[in-house]
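Student: This is the structure, below, for whatever I ask next.
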4 protein chains.
Amino acid sequence: MAPAKKGILERLDAGEVVIGDGGFVFALEKRGYVKAGPWTPEAAAEHPEAVRQLHREFLRAGSNVMQTFTFYASDDKLENRGNKLSFTGAQINEAACDLAREVANEGDALVAGGVCQTPSYLSCKSETEVKAILKKQLDVFVKKDVDFLIAEYFEHVEEAVWAVEVLKETGKPVAACLCIGPDGDMHGVSPGECAVRLVKAGAQIVGINCHFDPMTCVKAVKMMKEGVEKAGLKAHYMVQPLAYHTPDCSCQGFIDLPEFPFGLEPRILSRWDMHAYAREAYNTGIRFIGGCCGFEPYHIRAVAEELAPERGFLPEASEKHGNWGAGLEMHTKPWVRARARRDYWEKLKPASGRPLCPSMSSPDGWGVTKGHSELMQQTEATSKDQLKQLFDRSKSQ
Amino acid sequence: MAPAKKGILERLDAGEVVIGDGGFVFALEKRGYVKAGPWTPEAAAEHPEAVRQLHREFLRAGSNVMQTFTFYASDDKLENRGNKLSFTGAQINEAACDLAREVANEGDALVAGGVCQTPSYLSCKSETEVKAILKKQLDVFVKKDVDFLIAEYFEHVEEAVWAVEVLKETGKPVAACLCIGPDGDMHGVSPGECAVRLVKAGAQIVGINCHFDPMTCVKAVKMMKEGVEKAGLKAHYMVQPLAYHTPDCSCQGFIDLPEFPFGLEPRILSRWDMHAYAREAYNTGIRFIGGCCGFEPYHIRAVAEELAPERGFLPEASEKHGNWGAGLEMHTKPWVRARARRDYWEKLKPASGRPLCPSMSSPDGWGVTKGHSELMQQTEATSKDQLKQLFDRSKSQ
Amino acid sequence: MAPAKKGILERLDAGEVVIGDGGFVFALEKRGYVKAGPWTPEAAAEHPEAVRQLHREFLRAGSNVMQTFTFYASDDKLENRGNKLSFTGAQINEAACDLAREVANEGDALVAGGVCQTPSYLSCKSETEVKAILKKQLDVFVKKDVDFLIAEYFEHVEEAVWAVEVLKETGKPVAACLCIGPDGDMHGVSPGECAVRLVKAGAQIVGINCHFDPMTCVKAVKMMKEGVEKAGLKAHYMVQPLAYHTPDCSCQGFIDLPEFPFGLEPRILSRWDMHAYAREAYNTGIRFIGGCCGFEPYHIRAVAEELAPERGFLPEASEKHGNWGAGLEMHTKPWVRARARRDYWEKLKPASGRPLCPSMSSPDGWGVTKGHSELMQQTEATSKDQLKQLFDRSKSQ
Amino acid sequence: MAPAKKGILERLDAGEVVIGDGGFVFALEKRGYVKAGPWTPEAAAEHPEAVRQLHREFLRAGSNVMQTFTFYASDDKLENRGNKLSFTGAQINEAACDLAREVANEGDALVAGGVCQTPSYLSCKSETEVKAILKKQLDVFVKKDVDFLIAEYFEHVEEAVWAVEVLKETGKPVAACLCIGPDGDMHGVSPGECAVRLVKAGAQIVGINCHFDPMTCVKAVKMMKEGVEKAGLKAHYMVQPLAYHTPDCSCQGFIDLPEFPFGLEPRILSRWDMHAYAREAYNTGIRFIGGCCGFEPYHIRAVAEELAPERGFLPEASEKHGNWGAGLEMHTKPWVRARARRDYWEKLKPASGRPLCPSMSSPDGWGVTKGHSELMQQTEATSKDQLKQLFDRSKSQ
């Protein structure tokens with residue numbers, strides 16, 4: 001029997017770098033197992049082999065955390081807008097826990113149970129109702145004995161605090177991530193103040209995930225860190241950004257981009273962008289460094305390779321990757337062998353191959369958030385009339 | 001027991017659309033199982049679960065052809081420039097056949113054994129030597145009884161003809177693809193003339209794969225078709241292009257781009273680009289339509305969705321994809337629901353998010369091909385001195 | 001004899017729109033009469049016909065202000081770094097006044113004598129010395145009886161205040177413009193605070209000129225206005241921005257751009273950009289609206305055309321310009337006639353025709369300002385050794 | 001009295017470089033004297049000081065040819081589509097000759113009388129009618145004794161040949177330029193064949209002007225030269241391209257670009273682009289090198305500076321321009337002084353400052369030319385109904 005693994009807080013307290021995984025919904029959408037729109041994780045029950053394989057790839061790439069594939073797996077979300085599923089929320093959550101545990105056991109990784117924001121909150125349900133929804137997912141995590149918990153992808157710090165309060169009841173370590181940028185949450189609360197509230201609610205790890213590109217997320221976590229330190233509090237920090245460049249995003253991040261979600265390809269970060277990100281995150285004092293939507297296994301591997309000097313080892317998948325492109329020494333063509341050097345890839349400004357496309361977009365700016373009638377969620381499918389109104393409004397922007 | 005499947009020629013003769021798969025080396029490189037540089041397919045033996053999963057994803061996405069993951073699996077390539085492998089060529093080729101067959105049996109797909117160009121040819125070995133190298137792979141395909149054979153990724157029609165001649169000896173249907181564009185092969189032979197030579201050598205299906213973006217490849221296949229028809233010959237046509245935009249490429253394709261192979265992200269085609277490609281290929285008279293490097297399962301699914309009216313059915317993975325973005329009707333945010341329409345995605349000009357990068361690159365133009373000393377291949381690793389010479393020459397361009 | 005024209009303050013007090021002219025140094029550099037680098041205005045004496053013609057073009061385009069072409073015409077600047085001139089500062093300043101007056105008399109325009117920042121200030125000369133330098137130019141303006149005075153292109157509010165104090169002694173109306181953006185002056189003083197200091201020093205009109213694109217300048221003037229109003233003071237506002245897009249500029253503006261000054265072409269604003277600028281400036285409460293470097297007569301005409309409803313008339317040069325492209329109704333080709341409409345030009349996103357170029361640059365960031373030894377000015381030419389040091393430092397950035 | 005100047009053929013026969021001027025209609029449109037749409041040159045009579053000044057600037061910049069500002073000054077064009085003018089065609093043509101001669105006499109320049117294509121040709125008038133129209137302009141040129149003649153801006157070689165035939169009757173040297181690219185004229189006649197026809201008609205100098213960027217025009221002139229040489233004929237060559245980048249243009253050039261004519265700013269060539277152009281033209285064997293629409297005096301100066309080694313002298317306006325940016329040695333800021341070197345400017349890829357704009361456009365492709373009813377010209381103004389039809393058709397593209 002293997003010796004017990006070190007827990008998440010042990011690792012972070014010891015100053016170790018913990019590498020997260022990448023986002024499952026986008027990766028599995030491209031592989032054909034997740035539907036863009038509802039973004040629900042029923043594949044954990046429907047196609048376990050696909051989910052297991054993605055876990056394994058992230059493990060090989062260097063991830064120390066297998067997040068259960070339970071994003072948007074709250075009952076109110078699973079049933080949102082006519083999303084018909086043949087598995088119950090409990091079945092999906094349980095299957096996800098089993099898969100994460102199975103692969104975590106194949107290496108040095110912990111299992112993190114994850115919850116995220118709920119349609120109930122957007123629809124102005126009460127604190128009690130929202131907490132009850134989150135509690136249902138949590139029951140599965142307790143039963144399956146995950147190693148720690150992550151509340152992530154919250155746009156409103158108020159709901160995130162509620163989530164932390166629920167998660168804390170388990171006694172397990174709790175991490176909390178907002179999906180906000182330097183401008184703060186949807187109610188205008190600054191990153192520093194958000195972090196303070198989360199720490200006070202009991203989160204031992206705070207940070208940012210999704211919605212913005214790596215450098216923007218690191219900047220926002222830096223503001224969180226400054227807020228926490230200024231308040232005389234203490235915390236660990238994490239960041240799990242997009243693998244998409246988002247220089248043109250406003251407060252709601254990539255959701256507002258005209259390219260979301262089916263035209264984001266030209267924005268995908270290269271592995272070299274990931275090196276720069278990992279270094280910047282590390283230098284900012286963040287030690288739990290992972291990814292979200294858009295991350296593929298090779299992006300996580302690049303993070304692990306950049307931080308190999310600090311960690312003392314390379315990830316398993318680096319057996320298939322030469323340091324800074326060194327594998328190209330084995331290429332057939334001499335001019336490609338000439339690219340086998342750090343200097344070349346660090347300086348490259350890659351072309352888009354799209355001369356008819358711009359480099360930045362004007363994000364949508366509907367400016368609606370919790371409380372606006374347009375954000376009320378519903379279980380029945382969006383009707384044709386509702387769609388027509390949306391199209392018309394969209395064209396008049 | 002299932003009824004025997006229709007063979008590749010039966011399908012094409014009947015006017016059916018046959019959908020190919022995507023390129024394995026690039027997809028598995030991102031997943032951590034293939035090393036960029038040598039690009040060899042030892043993962044078939046080392047990590048069969050990863051290869052099997054990718055086959056399955058393409059099958060779900062609509063592929064009718066499972067190509068054995070035997071790219072660059074000739075013995076001379078496997079040992080090129082210090083590439084150390086723990087499996088023999090025969091072991092890799094056999095494992096690849098078994099995986100392709102296993103997944104093909106899960107659906108309506110055929111197994112195609114694939115060979116490609118050899119270092120021996122570039123190093124000016126004789127016809128006899130080159131044919132012997134190809135024959136070794138072929139012996140495995142015969143033993144494993146693949147359904148048909150594909151000779152692909154040849155830059156010189158001369159070598160491709162030799163390959164067709166070898167493959168023909170098996171009696172199985174033979175497809176032959178060059179990796180060339182409208183300017184023709186590396187010796188300046190036009191696409192039309194190349195196609196004629198391949199058909200005369202016995203290929204029943206001819207076309208283009210890799211090196212250029214879809215529209216460029218379709219254009220080149222069109223030139224092949226015109227050449228074949230002008231010569232009074234008959235053939236079927238196939239195309240398996242890159243999933244990267246390459247408007248700036250010259251005759252050697254994306255290998256010459258400064259972004260090859262680690263900075264190609266901004267060039268990745270969207271699913272909507274794939275719709276346009278599939279339609280254009282179909283209209284050109286091509287019926288075997290697939291992909292190569294850069295294709296992910298969702299790209300193949302887009303091809304299958306575009307041609308669903310002609311084929312009469314959607315692929316399995318379309319259960320997770322609304323037609324032209326219809327799944328967005330289930331999105332939380334109203335402005336994203338407003339994007340649930342064909343009109344929106346067809347017109348979108350996606351931004352790169354990279355304002356410091358250009359839209360096109362100046363390709364490398366070393367202009368060397370078979371016969372130049374710089375293209376002689378070797379089994380030992382590239383030496384430091386050799387690398388230094390390459391770097392120096394590269395900087396002086 | 002013509003009735004006396006209304007003075008600048010009379011006009012502004014009455015709520016009239018006053019349209020400025022464009023920058024002479026850049027326009028005359030392109031015409032072959034000004035040397036980029038020293039940027040001195042000796043052409044007023046050397047080639048009066050060229051200067052007169054440019055004044056006339058701006059007058060025709062709608063300008064109400066003929067600024068004397070006396071930019072950088074202080075003695076210390078005229079002699080900077082080996083600039084050899086055959087005219088004295090007094091001769092140049094006098095010739096410039098005569099030309100401005102001659103053309104102003106041809107229409108409804110006032111003559112404004114202009115002074116700008118001095119090398120003496122950057123070289124840490126005393127207040128007394130700097131004021132003495134400015135006083136010499138002023139003596140000419142008094143002798144030639146210009147209508148009002150403009151202190152413009154100051155990067156440090158401290159020097160601008162000194163200039164206002166000197167100009168006020170004449171009893172003429174004084175306008176004061178800094179060349180700063182929303183981040184404030186080179187010492188970090190905010191636009192609002194800068195404006196307050198200038199108003200307190202006696203400037204009746206305050207604003208921004210040069211260094212940033214129109215929208216950025218308007219934004220900074222808005223901050224000035226808010227500062228002045230918050231301080232309970234009163235002023236008129238002016239803006240004379242670049243005709244170059246500068247989204248990528250940091251605090252020192254376009255000087256820092258790699259394209260300055262010989263590669264700015266792709267950034268030149270179109271006439272339609274000018275319509276948007278004029279409207280925004282007007283809506284912000286700015287009533288003295290002109291231009292600086294990059295403005296050609298047609299840019300000023302566009303400002304005058306946008307504000308024609310407010311002013312009640314079109315400029316003379318509009319006899320050669322159809323409203324919103326209406327002149328195209330007379331074009332030979334039908335598809336060009338189809339562009340004769342506002343809707344077309346307002347929505348157009350013009351392409352650069354430069355697929356190998358990016359859309360934004362990384363500005364130089366040497367971060368040196370008054371007081372750094374590198375900014376000490378000298379009368380002798382830059383030596384080869386000094387140049388070599390600069391090149392080397394520049395390459396290491 | 002000055003010695004007689006060498007004629008155009010004497011110069012070219014002696015192998016001298018002859019530098020042309022830039023396009024007057026675009027330059028004077030920006031200065032407020034020409035109306036975009038009709039593009040007629042009545043300013044020669046209305047505002048002679050503006051035309052004279054532009055001639056002088058080109059002379060200072062190095063031009064050896066003062067082209068009379070008589071573009072589109074044929075009677076049928078002057079009256080096209082409701083263009084109301086207060087001067088007769090004869091008056092305009094005479095005034096233009098006087099201005100060109102006056103300035104030519106101030107330096108080493110010749111006067112060239114220019115004619116261009118006529119609405120009559122597009123409207124399918126007979127050879128006799130078209131020739132009669134051209135003859136009227138020619139009568140003025142003979143009376144004013146211009147030094148040589150240029151037939152330029154012809155889209156159809158047929159009409160250009162007619163023009164050459166008319167011009168030849170004067171006995172003066174005749175140059176003939178088409179406004180075509182490598183794809184040939186509007187009837188599909190190749191550049192080589194066009195050139196042969198023009199030479200056979202009697203033109204001593206043949207070439208290309210307008211419609212395409214410099215490198216494209218040089219390429220087309222090269223094809224002309226090859227055609228002429230292959231036919232065993234002899235000629236001199238000239239090129240007067242746009243100062244706009246047009247990589248995205250199809251056969252009708254920049255007229256088809258969505259940016260024509262009011263959004264072309266981002267495409268304007270820099271002076272460094274002009275150096276490359278002048279060198280390429282020279283190396284191609286072209287000796288009459290000038291410019292057309294978009295050229296400002298500094299562009300011509302750059303051509304003259306690039307070819308100074310061959311010509312043995314710099315133009316007068318180079319007194320205001322340091323070689324390859326050397327004037328920046330006199331700049332105030334050290335990081336700008338660091339740009340005073342050829343290496344810097346040659347390598348610069350200037351940014352557009354327009355992140356929301358693409359780098360290339362899709363040209364309009366109405367595909368109509370002589371003979372299509374839509375191209376019939378008329379003297380009355382375009383009616384509202386006609387405009388509405390054009391707008392509707394334009395939107396449906």
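Note that Cβ sites are derived from N, Cα and C of the backbone, with glycine treated the same way.
Note that TrEMBL annotation is computational and uncurated.
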Student: Select one of A:CYS210, A:CYS217, A:CYS249, A:CYS357: the residue that TrEMBL places in the Zn(2+) site alongside A:CYS292, A:CYS293.
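Tutor: Looking through A:CYS210, A:CYS217, A:CYS249, A:CYS357, the residue TrEMBL assigns to the Zn(2+) site is A:CYS210.
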Student: An 8 Å radius from the center of the A:CYS210, A:CYS292, A:CYS293 Cβ atoms defines the neighbourhood of the Zn(2+) site; name the other residues of that chain inside it, in order.
Tutor: A:GLY23, A:PHE26, A:TYR153, A:CYS179, A:ASN209, A:HIS211, A:GLN240, A:PRO241, A:LEU242, A:GLY291, A:GLY294, A:PHE295
Student: Using Cβ atoms and a strict cutoff of less than 8 Å, what residues sit near the region 'Disordered' (A:356-397) while being 6 or more residues removed from its termini?
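Tutor: For the region 'Disordered' (A:356-397), the far contacts come to 76, 79-82, 119-124, 155-156, 186-187, 247-250, 252, 256-259, 266.
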Student: Mind tallying the region 'Disordered' (A:356-397) by DSSP state, helix then strand then coil?
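Tutor: When I sort the residues of the region 'Disordered' (A:356-397) into the three classes, I find 15 helix, 0 strand, 27 coil.
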Student: From the binding-site residues A:CYS210, A:CYS292, A:CYS293, keep only those with a C-beta under 8 angstroms from any C-beta in chain C, and list them in sequence order.
Tutor: none
Student: Would you report the average pLDDT that the model assigns to the domain 'Hcy-binding' (A:6-307)?
Tutor: 96
Student: Could you say which of the binding-site residues A:CYS210, A:CYS292, A:CYS293 has its Cβ with the most other Cβ atoms inside 10 Å?
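Tutor: Ranked by Cβ atoms within 10 Å, first place goes to A:CYS292.
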